Structures are given as structure tokens and as C-alpha cells.
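*Asks:* Got a structure for you, written out below as C-alpha cells; questions coming shortly.
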Amino acid sequence: MNDMTDGYMTADGRKIGGVVMELKNITLKFGGVTAISDISFDIREGEIRAIIGPNGAGKSSMLNVISGFYIPTEGEVWYRGARRPQMRPYKVAQMGIARTFQNIALFDGMSVLDNIMTGRLTKMKKGLFAQAGWWFTGAAKEEDEHRAKVEKIIDFLEIQNIRKTPVGRLPYGLKKRVELARALAAEPSILLLDEPMAGMNVEEKEDMCRFILDVNDEFGTTTVLIEHDMGVVMDLSDRVVVMDYGRKIGDGPPDEVRNNQDVIDAYLGVAHD
Amino acid sequence: MPDQLLFALEVTANGLMAGVMYSLVALGFVLIFKASGIFNYSQGVLALFAALTLVGIQEGQVPFAHLINAVTGLHVTEFGWKVPALLAILLTALVMVGLAIIIEKLVLKHLVNQEPIILFMATIGMAYFLEGFGDVMWGADIKTLDVGLPQGINETLESVTDKALGYGFFVDNLDIVATVVAVMLVTALTLFSQYSKQGRALRAVADDHQAALSVGISLRFIWVLVWSIAGFVALVAGIMWGSKSGVQFSLSLIALKALPVLMLGGFTSIPGAIVGGLIIGVGEKLFEFFAGPLIGGATENWFAYVLALVFLVFRPQGLFGEKIIERV
Ligand SMILES: Nc1ncnc2c1ncn2[C@@H]1O[C@H](COP(=O)(O)OP(=O)(O)OP(=O)(O)O)[C@@H](O)[C@H]1O
Ligand SMILES: [Mg+2]
């Protein structure tokens, strides 16, 4: 499945691998509202895949389907070559899919460090009773190893100086960064980011862009990214899915998508018939 | 030192130890409230049920004996063996874990995302069900609980203080044991929640459900875990109170003693439950000692609530609770 044979090379020379996840004919309804209607696309190993579209297009809903928070009304999610059965969100997380939220979901009462440590929970092996032994059973050593990994991420995202700060006190931009750090701590095989740059100033946006690119470069992390800002999407992503009113109206490399007439119409707000 | 002062000191010491007992009960409430936002009305009954089960196992009572006899016409009452105290405590702890699993499966699971008031109602239902269930399982008679904890006045302390101060302090052995046990329990719980994987997961769930799910925490597992811990804390409280005044329905009313502690300490703070318990324990004993004779005594029944109310007016979030700021 992960052979490079059916992958492609990006313009900047990164190798994109085989399909890790495939969404097949996903439909999601909330009562009378159809948030997603019959959408299919795939996600390849190592790529940055963007989902764009106007407000209410169904982008977050799609991310929620991938992360198991929403159960699609119809359609299938295929992960690493097998159909994924209906799965609770925590199980999806345990399978290596980490995410951030559009309106930030952090543990406000905990420090930045503790928040990021929770990202390691899926990697922690020692059970309840082994931990009671602490030094004797190696639980202390395990904790140290996790701490070391977390410290690396903290350095990477340049948040050393707020390590001990309770997250609730941080400004919005930093919260977004801590949420990214927590997701990264899980060493995910797919990273889902719901508008990681929303509400940020230009400088913060540039930082965030750089982090996302660096993460992808350094760890080869497959990333699915929702973003409003066309410019950002063009810079960051390898392939783009464009959604509008729950439908998919475009799918391909940024340049191609940008020149697609449907996409232009959707973004210019041409009246729907 | 004047006698009056020494006497007040003795009262304070006793108050502190009574306070520890209150803290113990309050702790059970705080644990569940923190992790799931549920005010568990059944915490007191949980302690009663734990104590009943402990006595039953220790004495080799046949569970549901009355029911079995009525249905089958047999006359079973006891197995005819006694179970050593430590083993019986262990078995009871297992029963409490089993109970936690059943509660999650039969009740909590079906009420995910419901309003807190609905969950509160559910725990009221659980309290009365469990009370009746305990009776059916172990019989409604008053039982004595003896797990070998020392009883009576501590003579060493009395003679030492007598020699040193010329006034012997009367402190109950059981209170001393309860204090030591409570301190150990709280230390263990704190270590658990700060350093263990499950403890960290527990704090995460207490803070934000969505975020907890996204880092791979199963809410249902955590709920079983907190209810098990709350059941264990209830067991410890049940042992202490049961050893002191027997195992009977009134044991479940210790929950009423925990309420002012919670009002004082805040519903979400473990240190709050402890300090709150101590303040109320000492406060009510000292008040009874100084003001009791003036206003006719029996102040212990209501003083705690008055103290808690005064506190509420000035610090509605409790002693250690986070300041409540409504964002608009
Ligand atoms: N939990 C829900 N219950 C009911 N309707 C929902 C729910 N979640 C999303 N919707 C509806 O589904 C549609 C798509 O919403 P979604 O949040 O996925 O859009 P979006 O593309 O992320 O928009 P935005 O750019 O504003 O974040 C909207 O009409 C929304 O009201
Ligand atoms: Mg959205």
C-alpha cells in the first residue's frame, strides 16, 4: 500500500507516496440539512492536502467524519487499504489520526507542557499497576522518554518560554500553536488541522505556515488542512479539494483548481441556481 | 497554660480529626464532579453499600438470603465461614469496581451529553435504588463493623500530654487511624492524578471532553475509573464511620456532612475538600464548645451550613475553586 510506485513528485522535489486514506461517496445529513453530499477523494502519504470552500460548505464536517466525531449517513472511509468500520473518535485517535479544532479544544486548566503530554497518551504503554511501581517497573523511564519527545516539539514550535503557563491564560494565536503541538506529540500518521490560521495576525500566520511546512518536511507528516485564505492554500498545499454547499466542485493541484470556473464562481459568490 | 486554652486545644484536635472524616466523604463527590460534571447524590449511599458489603463478606453472610429463602423455601443465612478483614476489604473494593461498571453500562452510557440536572436526577434514582438493593442483599438490621481498627482513647497521648502540660488530651484511636488513612489516600490520589497515564487522562476528561476524545481517551473507561475510585473512597469512609457508629441507614447521611464542605471548598478542588473538611470540623467543634452552652447546645447540626453560607456569599466559587468569569 505504501509503495512509492503510484505516488508523484512535487514541484519542490518532495516524494508523495501511495494512498493512505480514501473517502468514498461520503454523505452526511443533519435532519434536513445535507452538510456533505456524495463526496469522494483520497489522501496520499506525505502530502499536504487542503480542503477549501466558503462558509458552511461542509469542510469541518468532513474533518469530523475523518476523525470519527461524525458518523457519515452514507459512504465509506478506507484507511491503509482496508475499510474502516464505524469507530469512536478516541479509537480513531489511537489509530494515529490527530487533529485540531476550529474553535480550539485545549485543557485550559493544565499547563502547556501537560497539554502536550496528553498528546502522548496513545503512545504510553505502562498500565495502571506498573505505574504504581514507578521506578521499579520502568514507568519513570517511560515518562522521561515521553518528556524528551515533548520537549523536542516545544523547541520545534518555539514555545519554550510558555511551557509552564496554564493554557487558559494564553492569547489566541499561541493557543492554536499549543493545539498543534499536542496533535504533533501523538506522532500522527495523518494530521488534521481545522483552520489553523484563522483569527491570526499576518506574522502569526507566517509562523504557522512555516511550522506546517517544516513538520511535513522533517517528519513527512501527511497533513489535511482546512483554510479560507486562498493565498495560504496555494503556498502550502500539494492538492486541494474545493467544497461548496456540501458538494465537491474541484480537486487537484492548486494552480489547476484556481483556474477552475466552478471554483471561481463559488469564491466570487455567483448566484446558485 | 490555662485549662480553658488546653481544653480548646483538645477540642481543636478532635475537630481536625472529625474534619478529616468529612473530607473523606467530600472527596468522593469532588472526584466524580471533576471528571464528569455530575453531582453524585448517591455518594453517601455508596459508602453505606460499601460498609454493608464489607460486613456481609466478613461475616460470611449469604447475599440475598431473604430473597432466596422466600423463593425457594430454604433457610440459608450464612456460609459458615469468616473472611479475614484485609481480604474482605479487597473483595469489597472489587465489588465497588463491578458496581461502577454496572452504573456506567446501565445509566451513564445512555445519558451522554444530557443536561447536568438530568444526570443529577439519575444519581438520586441510583441512591434510592442502591439503598433498597443493599437492604435486599444484606438485610436491613443494624450491623457492627470491626476490621480490627483500634478503638477507645489513646492512652499514650493522654499520659504524654498529662506529664508535659498537666492536662491529658482525650483523642480517639479510631480518629487517629482515620486521619492517617485519609492522608495516605489523598497522597496516593494526588500522585495518581499528577503522574499516571490514567490520572492525566482523568484530568483531561475533567477539562474538555472533545479534546480528550481527540487525544485518544475513552470517556467511558474514564467514567468507570472515577466511579471505581469514588466507590473505593466511599469504602474507606464507610469503614471509618461504620467502625465508629455501626453500619445502618444513618451512615448514608454522612453525605449531608459533606455538603457544607463542598460549598466551602469548591466542587472541583481536592485540596478544597480537605481544607474545607478541616475548617468545618474544627469550626463546629469550637463553636459548640464556646457558644453551645450559651445558646442551648446542639449547634453541630447546623453550624457547618451557616459557615458554608457565609462563605458562599463572599466566595461563591469556594475556597479553591476557579474564579467564575462569565464572558460576554
Ligand atoms: N453538529 C451539527 N448539527 C447540525 N448541523 C451541523 C452540525 N455541524 C455542522 N452542521 C451544518 O452543516 C453545514 C456545514 O457546516 P461545517 O461546519 O462543516 O462548514 P464549514 O465549511 O466548516 O464552515 P466554516 O468555514 O464556517 O467553518 C452547516 O450548514 C452547518 O450548520
Ligand atoms: Mg469549519
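Heads up, the Cβ atoms here are built off N, Cα and C, so glycines get one too.
From TrEMBL, here are the annotated features:
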{"type": "TRANSMEM", "residues": "B:12-33", "note": "transmembrane segment"}
{"type": "TRANSMEM", "residues": "B:45-65", "note": "transmembrane segment"}
{"type": "TRANSMEM", "residues": "B:85-108", "note": "transmembrane segment"}
{"type": "TRANSMEM", "residues": "B:117-140", "note": "transmembrane segment"}
{"type": "TRANSMEM", "residues": "B:176-196", "note": "transmembrane segment"}
{"type": "TRANSMEM", "residues": "B:217-241", "note": "transmembrane segment"}
{"type": "TRANSMEM", "residues": "B:261-282", "note": "transmembrane segment"}
{"type": "TRANSMEM", "residues": "B:294-314", "note": "transmembrane segment"}
*Asks:* So if I exclude everything within five residues of the ends of the transmembrane segment (B:294-314), which remaining residues of that chain have a CB under 8 angstroms from its CBs? That is, six or more out.
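*Replies:* Sequence-remote neighbours of the transmembrane segment (B:294-314) are 257, 259-261, 263-264, 279-280, 283-285, 287-288.
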*Asks:* When you scan the chain for residues with a C-beta under 8 Å from the transmembrane segment (B:45-65), skipping those not six or more beyond its ends, what do you find?
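*Replies:* For the transmembrane segment (B:45-65), the far contacts come to 25, 28, 76-83, 85, 88-89, 91-92, 95-96, 99, 126-128, 130-131, 133-134, 136-139, 143-145, 147, 230-231, 234-235, 237-239, 241-242, 247, 249, 251-252, 254-255.
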*Asks:* Please indicate, using numbers and ranges, the residues of the same chain that are 6 or more beyond the transmembrane segment (B:176-196) and have a C-beta under 8 Å from a C-beta there.
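*Replies:* Cβ under 8 Å, 6 or more out: 16-17, 20-21, 23-24, 27, 31, 149-150, 154, 202-203, 229, 233, 236, 240, 270, 274.
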